[in-house]
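Accompanying notes for the structure given below.
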Amino acid sequence: MNRKHHHYKGAEVSCCVKYFLFGFNILFWGVLANLSSITDLGGFDPVWLFIVVGGVMFVLGFAGCIGALRENTTLLKFFSVFLGLIFFLELTAGILAFVFKDWIKDQLNFFINNNVKAYRDDIDLQNLIDFAQEYWSCCGAHGPDDWNLNIYFNCTEPNPSRERCGVPFSCCVKDPAEDVINTQCGYDVRLKLELDRQKYIYTKGCVGQFEKWLQDNLIIVAGIFVGVALLQIFGICLAQNLVSDVKAVKANW
């Protein structure tokens with residue numbers, strides 16, 4: 001009995017830190033749980049990306065939760081180092097994106113054009129493009145004529161598709177009075193003159209609209225990145241604090 005009391009004399013594991021770290025991992029796990037929306041990246045199968053990212057998040061969350069509950073310093077150190085590595089990679093990616101912003105813009109063009117070509121090949125990709133065009137009120141990478149890259153929408157004479165010289169419905173200017181989406185609203189619209197098109201579809205490209213959106217929401221976007229970074233640093237500090245408590249208790253054994 002005396003020996004048991006001696007173990008914890010002068011040092012103890014903080015229950016607040018322990019369960020706060022556990023709660024942090026549950027929150028962190030939940031925020032990153034909806035990664036299935038990530039879709040095609042220039043021919044890369046999104047399923048594999050989801051498996052890799054999901055696997056990393058599972059291992060990270062598992063190590064943090066079990067390490068906190070079991071006071072396992074090995075798992076806590078693994079969690080701390082792994083989270084620090086992710087933070088470093090995010091920081092590096094942010095710096096590189098700023099330095100090579102023109103290259104990023106070119107890659108975005110390439111990405112959108114590749115996905116325009118594959119619009120009908122993947123339902124998840126199709127939904128992503130439709131969401132982007134509706135959200136940013138845009139059509140194609142630089143404009144509606146980018147849809148000539150797609151075999152169903154191109155304007156060549158041999159194209160037998162009913163969607164020839166058209167655009168997806170997500171390019172259409174929405175009528176507030178319509179409750180049901182007209183999925184045929186983009187048919188033949190690119191046969192019209194440029195000025196006439198503006199009455200029916202968005203004529204600005206998604207690359208330009210995305211850049212405008214970033215500029216208009218720069219503070220919010222920066223705030224989100226800073227918030228995520230602080231959350232990660234906070235998790236690392238919690239893990240290190242708990243490791244120190246556990247070591248202090250073990251030192252008195």
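Residue numbers in this text run from 1 along the chain shown.
Keep in mind that glycine also has a Cβ here, set from the backbone N, Cα and C atoms.
What TrEMBL records for 16-35, 47-69, 81-100, 218-243 is transmembrane segment. If you look up TrEMBL, you'll see CYS138-CYS171, CYS139-CYS155 marked as disulfide bond.
All features noted in TrEMBL, drawn onto the structure.
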residue: CYS138; record: disulfide bond; Cβ contacts under 8 Å, 6 or more apart: ALA132, CYS171, TYR202, LYS204, GLY205, CYS206, GLY208, GLN209, PHE210
residue: CYS139; record: disulfide bond; Cβ contacts under 8 Å, 6 or more apart: GLN133, ASP146, TRP147, VAL167, SER170, CYS171, ILE201, TYR202, THR203, LYS204, GLY205, CYS206
residue: CYS155; record: disulfide bond; Cβ contacts under 8 Å, 6 or more apart: ASN148, ARG164, CYS165, ARG190, LEU191
